[in-house]
Amino acid sequence: MALPSPPSAASAPASAGERWPPLESSPEVFNQFMWSLGVPEDEAEFHDVYGLDADALDMVPQPVLAVILCFPDPPQDESYTSDLRLSYGEKETRDRVYFIKQIESLGNACGTIALIHAVGNSSSEINLVENSCLDLFFKSTASMDPSERALFLEKDDAMARAHSLAARSGVTELCDVVEEHYICFVAVNGTLTELDGMKDGPIKHGSSSSKSLLQDVVPVIKGIMHTIPDSINFNLMVLSRKQNCAGAKRHE
């Protein structure tokens with residue numbers, strides 16, 4: 001007969017790293033995760049981007065709704081000039097850009113935050129399953145500021161369970177030392193916008209559109225790669241709307 005666990009062990013809360021382990025950067029993991037959260041399989045899916053040259057970009061299924069980059073943690077002193085950073089206090093920005101912070105208690109949730117940024121800023125293109133995890137999350141946090149959203153996510157047990165399952169579905173062995181980070185790029189209101197939960201707010205990188213998003217983000221990604229020249233641990237994915245659904249929501 002199995003002995004019961006000591007009460008202290010059973011009641012010990014999971015650490016941030018245990019509750020939010022790192023996600024493997026692969027379309028298979030992100031697709032199953034996203035679909036389990038409430039994005040219908042026949043509406044959108046993630047794809048790998050195999051290079052930054054024109055031929056590789058031409059292979060990516062269109063339309064692209066968001067771009068997610070997984071890259072080595074940048075130097076701690078790296079910063080962006082203040083004129084690039086959007087003021088999240090402006091009502092227009094709040095209404096148009098969905099942004100959530102990554103706080104310490106969220107552990108390695110940057111992959112989930114990148115997914116939330118991708119889907120949350122594609123709401124005009126994706127019909128979420130009603131009362132699904134993402135549907136309830138976006139409805140509950142719509143009027144919150146980025147830090148309040150982070151606290152809401154940190155306490156969202158359903159989202160944490162889905163994240164943990166996704167983290168364990170990859171082929172890469174989970175480890176305690178995580179040296180990569182996820183960020184997301186979207187085109188919002190004609191602007192190429194970088195969404196990094198570790199930053200204070202969204203960062204704009206010039207003009208863009210849904211048709212040119214992937215091409216527009218290439219110089220930004222090359223710039224990031226240039227700041228970390230000694231690493232090859234870069235992985236790029238896109239969230240694309242499935243062809244059979246492209247334009248469907250616009251004409252409803």
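Glycine too: its Cβ is placed from the backbone N, Cα and C atoms.
According to TrEMBL:
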type	residues	note
REGION	1-22	region 'Disordered'
DOMAIN	19-241	domain 'UCH catalytic'
ACT_SITE	HIS181	active site, proton donor
SITE	ASP196	site 'Important for enzyme activity'
(request) Round to a whole number and give the Cα-to-Cα distance in Å for the pair HIS181 (active site, proton donor) and ASP196 (site 'Important for enzyme activity'). (result) 9
(request) Tell me the Cβ contacts of ASP196 (site 'Important for enzyme activity') under 8 Å, same chain only and six or more apart in sequence, or just say none. (result) HIS181, ILE183, CYS184, ILE203
(request) Specify the count of other C-beta atoms within 10 Å of the C-beta of HIS181 (active site, proton donor). (result) 20
